[in-house]
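Straight from TrEMBL, the features:
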type: ACT_SITE; residues: 202; note: active site, tele-phosphohistidine intermediate
type: ACT_SITE; residues: 272; note: active site, proton donor/acceptor
type: BINDING; residues: 201, 202, 203, 204, 205, 206, 207, 208, 251, 272, 273, 274, 275; note: substrate binding site
type: DOMAIN; residues: 2-193; note: domain '6-phosphofructo-2-kinase'
């Protein structure tokens with residue numbers, strides 16, 4: 001949850017860093033400490049964990065003092081004493097504090113989360129998955145012995161969100177400002193269900209053959225072949241509850257036209273970058289524009305805005321509703337355009353915004369993104385070698 005929120009806040013241009021106290025602990029005591037280290041009566045371990053938290057908080061303060069806008073202090077923080085320590089540290093320095101608590105009373109959800117996420121933690125690099133599972137179950141019992149939940153009676157003056165049973169219910173209290181509002185909006189759209197996101201650039205188009213940018217041309221014959229191959233591929237994947245989203249441009253809509261028995265939805269937000277005055281230009285024409293404009297175009301591809309058009313940065317803002325819907329949805333196939341796929345791929349694979357314009361997104365290729373513990377697995381399928389560009 002912390003990593004996903006950090007990724008989202010960076011996406012909306014809030015300079016954010018996640019500070020995981022577990023990483024500080026592992027640097028001090030290594031990765032071989034199993035559940036006994038987390039016992040309430042293990043005073044030596046408790047002292048080490050407290051010191052690691054304080055060291056981490058000092059790094060949080062350094063980050064914020066050097067220009068960072070948001071820091072996510074990722075730790076259990078399951079007692080009032082520990083939350084009080086964090087609160088005092090931050091308020092003394094003038095920082096706003098927003099607590100996020102995830103509560104799970106469903107044994108089924110807990111078991112699934114441990115099996116699919118916790119056993120892949122760096123804490124268990126050296127042990128088999130069954131040992132890791134049993135050990136983390138014991139660790140949970142130690143946490144439960146000391147756990148003191150956030151409550152309106154005791155914590156009513158604090159800003160917090162309590163997420164119950166992975167999104168069955170939410171308790172939101174005393175939200176203060178834009179950043180906290182955006183965090184709440186994002187967290188209320190997350191889910192932990194297994195799913196995959198398929199990203200596909202439209203089939204080759206007439207404008208691709210001419211090497212012109214923008215436009216709304218139809219597919220070439222080879223592009224149409226790819227559309228048929230894509231439909232066959234999706235049919236063989238046999239994905240439950242798959243939805244198909246395309247842009248509103250002809251080449252993207254036509255790339256999805258052979259897909260059978262699956263609802264297709266057109267999104268204006270998925271349209272190609274608006275190239276403004278340069279829309280429809282070919283490579284030769286682009287090479288003849290003002291040298292200063294060319295220099296600006298290549299100096300910072302993420303921030304460069306085409307005259308009367310868009311930049312990659314503008315597109316990130318345009319795609320925020322798509323990102324939010326992807327976070328809350330199950331299996332999705334998106335058929336769109338190079339810049340759009342670059343941005344979506346960059347978001348889910350934790351690339352920096354400056355890297356988005358340089359991600360390679362060829363035609364005739366399907367990217368299957370599957371969110372997993374601590375990351376995203378990317379599988380690539382090339383359906384044809386007849387790409388037009």
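Glycine is treated like the rest: Cβ placed from N, Cα and C.
Within the set 201, 202, 203, 204, 205, 206, 207, 208, 251, 272, 273, 274, 275 that the record links to substrate, no two Cα atoms are more than 20 Å apart, and one pair reaches that distance.
Under the three-state DSSP scheme, residue 275 (substrate binding site) falls in the coil class. Put simply, residue 251 (substrate binding site) is 6 Å from residue 202 (active site, tele-phosphohistidine intermediate) when counted between their Cα atoms.
Taking the Cβ of residue 275 (substrate binding site) as reference, residues of its chain lying under 8 Å away and at least six apart in sequence are, in sequence order, 213, 214, 281, 306, 309, 310. Within 10 Å of the Cβ of residue 203 (substrate binding site) there are 32 other Cβ atoms, across all protein chains.
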